[in-house]
Amino acid sequence: MVPLTQRVRELDPKGAAEALDECSDTEIAAVLAELNPGQAVEILEEFAPERRERIAATNSAGEQWLEDSAWPEGTVGRLMEEPVAVFAAGTRVHEAVDALRDAVRHTLITYIYVVDTSDRLVGVVAFRELLYAAADDTLADVMVRSPFALKPDMELFDAMHEVVTRHYPVYPVCDDDRRLIGVVRGSVLFEQQAYEISAQAGSMVGVEKEERTATPWLRALKFRHPWLQLNLFTAFIAAAVVGTFQDTVNRIVLLAVFIPVLSGQCSNTGCQALAVTLRGMTLGELRAGQAAALMAKEALLGFANGALTGLVAAIGMFALATMQHHPQPGMLASITFVAMVASCAISGVAGAAVPLALKRLGADPATASSIFLTTATDVVSMALFLGLAAWLIA
């Protein structure tokens, strides 16, 4: 039988809360204490407010969970733990060691945090440094002054950008006045960021980030189905474009053969631009004012790739038209080439523009971006291909 804690780890927050619902408040708190603070807070929020308070009251970390839940999702504040080793600057080394003697038996202490009378963080001391310091030295004598600290309202993406060159086991978290309000373990920060990044792949196609492999199928259906209905609606839009040029397709059946070829190439071109744009946004590489340059680059890449693949597609169209004794194989090859070049260039721009537009609207840039992108590329590529053919035939 799978241990309860492991089962809870594999479930989404709502499913985890349902699995724990029959347990006592103490048992629930014990399971939550085994999880990282972010996951514990998400599960705790699924319970009714009164029970949430009762569960938190049974564990020493409970008060911190309730405080963490006040911060927005995706911020450092959701991952905070209570700092254990906090001392005044005038504390002697031997006094700090004596005070921590019992704590180190059940808690891993990496850093000692030194604060002033207003609880502002003024320095840190690595625990091992206490072993080398003189017993009568004060913590102010051996501390590292003005240490790096995260802010509780900092988004995880921004926090990861800040700590990527600072590989510390634990990071202090301070408010705007430098008051120490918590700590975040580096492993938890990286784990949460890895989870957020892994969720992007699902978000691009309408899969909620809460869904796991162990999520019950009915809940998974509830998560996925609305986006599939949206995808169906957008597919009707693309189908309507083809329907507009039905007479052209009826006159030249070969055009229908190359529609999926063109659509697939344009969709892939757009998805490449989308992936690079999302990666740049995630890593903080895409700064203000760089959007236009990025879209220009993707347009150029789309044009170049469209020309290279369009040449091969045009040769294929020419060969097929010749084999079927079409009177104008050169015209069909030219239509294929021009449509491929133009569509891939536009798809590259769309791949960069969709996540940028979603972010500007305040939405998650990865949310169903693939669905919107596919619609745009399908409509543009089919309209260009069939529209150009209709114009030349006329």
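All positions are counted from 1 along the displayed chain.
Quick reminder: no glycine exception, Cβ is built from N, Cα and C everywhere.
These numbers come from a predicted model, not from an experiment.
Within the domain 'CBS' (80-142), the DSSP-based counts of helix, strand and coil residues read 19 helix, 18 strand, 26 coil. The domain 'CBS' feature in TrEMBL is assigned to 80-142 (among others).
Summarising the annotation, TrEMBL assigns domain 'CBS' to 143-199 (among others). DSSP assignment over the domain 'CBS' (143-199) gives 22 helix, 16 strand, 19 coil.
Look at TrEMBL and you will find 227-246 (among others) tagged as transmembrane segment.
Here TrEMBL flags 252-278 (among others) as transmembrane segment.
Annotated transmembrane segment per TrEMBL: 299-320 (among others), in sequence order.
Remote same-chain partners of the transmembrane segment (332-358), defined as residues 6 or more beyond its termini with a Cβ less than 8 Å from a stretch Cβ, comprise 252, 254-255, 258, 262, 265-267, 269-274, 276-278, 281, 291, 294-295, 298-303, 305-307, 309-311, 313-318, 321, 326, 364-367, 369, 372-373, 376-377, 380-381, 384-385, 388-389, 392. Sequence annotations record features per position, and here TrEMBL assigns transmembrane segment to 332-358 (among others).
Taken from TrEMBL, the feature transmembrane segment applies to 370-393 (among others). Counting residues 6+ beyond its ends, the transmembrane segment (370-393) has Cβ neighbours under 8 Å at 204-206, 227, 230-231, 234-235, 237-238, 241-242, 244-245, 247-249, 251-252, 255, 258-259, 262-263, 266-267, 269-271, 274, 331-332, 335-336, 338-339, 342-343, 346-347, 350-351, 354 in the same chain.
Model confidence over the domain 'CBS' (143-199) stands at 87, taken as the mean pLDDT rounded to a whole number.
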